[in-house]
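First comes the structure, then the notes that go with it.
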Ligand SMILES: [Zn+2]
Ligand SMILES: [Zn+2]
């Protein structure tokens, strides 16, 4: 793996990992496997509890989750959340003892399945399928990596139970070219052309969606074949989707695409991934590829010749979040997925883009004169991508590649749009801090950043690194197409300074469209996609530049009604019935300021009381992805 220009920090000795060949010589001892079972269990099921909110950017106490949310996440109450530290260590000792007697992967899996059932982490069928699905990849990862029980329990239960430090720090090197003086873009001249860019994310097509089934089943995903019938007093899943832990039937995605007319015309489409459903405990590679080709074909059918630029989501692979960096070869590699993507997306992407897509799931291209579009594979920043336990230092050399692309764009006088799935504030710390530094360095040419993954409608403001006070960029996090969890289906349209000589290519405004499910599922109704709101009009913004979003956060801090508007739109017009009280409000606002992980200082001005930032890590927002 190339590490050109990347330097490791002074962190954990594991960061300078030796080549695979050296490692494997001393490797697959029983000791290496001692924690496999427990961590397999945790990571296999972590997606169903959706560990996807930004670290350190959360202010909502765990017990502050709405009751409805608790009701649909039974595993949170009954699972390993309840483990005490001594119990965790006892369990790992037992597993260790068992593994010393039996290093066989299948038997190891059986132990984990039993534990999963005994601890009531998930329904028995989910325990069985999830562990069988994850065990091979996880053991392969652990064969390259070492984890001791203290670290495992530290990961599971927090720093009071052990020290988790497997992701050490590292630094990207920036070119010696001095940073140009920061210069905000000039507003476009009156009457200058404006382009509309359709933004689709998190479609999450459920092949097994079935009207009338139980929306509140025990599995992590419901409204589907196998969910059973609802109790006679409760309605079953709606025809177009459901407000519950459910994904979308294909007909709703088809309806979305066929109803785009009034929102267009579009110059291009950004599509930031998560195509398959959340039935992560039972997905095969064949299932994932069927989702990829079915939805890609549908988009081609309805959008015709409009160019579509995709990014890779964390649900595209199976096991979910499993994205080995390119140094992993053979059957464990991601080539089964990237090759299929390159085939499916070949009409939209030039050859050089297809080349990097095949290797690492990322690419760059020039969709119009003066604009470079960079599609990042954010799975290489993800704390849920367990392959990064082997080596998390700039996986696939992607950030160093990004710097090269940005410098070349600066040299040419081009502007840049970045698209990706997982937003930068949700990334592993080192990746996130390096990305933040890169954004600050290239603030003059970064005209737009577009992400998804959280399923809700929000944004992340970037600041200059010296003072953390001057807004230098904003990343838009668009809401999902899927209803998961308790949301209306929706999509986003960005208004971008148009395709003409001298364009700034910046985002001028955005609009969000939804399908009101209550109305659509009513007897005799037809689905009606409607404009939910326009950003500048609703929030009274002078423009859509970073400073306006920064100001909006502080205006919402002081204006309860304005915040409640944001809260309603954040959930695509279907907010939880429980009100968002002070801690929830603070958590939500803090997240909009946290484009960098583990940076409580970014929220220091939200409340005058200096105690609050110190308390941030113990607060969190309920995640949806
Ligand atoms: Zn998603
Ligand atoms: Zn996602």
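Quick reminder: no glycine exception, Cβ is built from N, Cα and C everywhere.
Automatic, uncurated: that is what TrEMBL annotation is.
TrEMBL lists 1-10 with the feature compositional bias 'Polar residues'. Positions annotated as compositional bias 'Basic and acidic residues' by TrEMBL: 15-27. Taken from TrEMBL, the feature domain 'Saposin B-type' applies to 81-165. The disulfide bond feature in TrEMBL is assigned to 85-161, 88-153, 116-127, 217-222, 223-246, 381-427, 580-584, 590-603. Annotation source TrEMBL lists Zn(2+) 1 binding site at 202, 204, 274, 455. Among the features that TrEMBL reports, Zn(2+) 2 binding site is placed at 274, 314, 421, 453.
Residue 427 (disulfide bond) and residue 421 (Zn(2+) 2 binding site) have their C-alpha atoms 11 Å apart, to the nearest angstrom. Residues 453, taken from the recorded positions 161, 204, 453, 580, are distinguished by a CB atom under 6 angstroms from ligand 2.
Note on residue 222 (disulfide bond): other Cβ atoms within 10 Å of its Cβ, all shown chains, come to 25. Within 10 Å of the Cα of residue 161 (disulfide bond), the following disulfide-bonded residues from the list 88, 127, 153 place their own Cα: 88, 153. With respect to ligand 1, the disulfide-bonded residues 85, 246, 381, 584 contribute no residue with a C-beta closer than 6 angstroms to one of its atoms. Among the disulfide-bonded residues 246, 584, the residue whose Cβ has the fewest other Cβ atoms within 10 Å is 584. Within 10 Å of the C-beta atom of residue 223 (disulfide bond) sit 31 other C-beta atoms, taking all shown protein chains into account.
Sequence-distant neighbours of residue 85 (disulfide bond) (same chain, six or more apart, CB under 8 Å from its CB) are 153, 157, 160, 161, 162, listed in sequence order. Within the same chain, residues at least 6 positions away in sequence whose Cβ sits under 8 Å from that of residue 381 (disulfide bond) are 395, 422, 424, 427, 428, 431, 432, 435. Under the three-state DSSP scheme, residue 580 (disulfide bond) falls in the coil class. Across the domain 'Saposin B-type' (81-165), the prediction's mean pLDDT works out to 76. Highest local Cβ density among the recorded positions 204, 580 belongs to 204, counted as other Cβ atoms within 10 Å over all protein chains shown.
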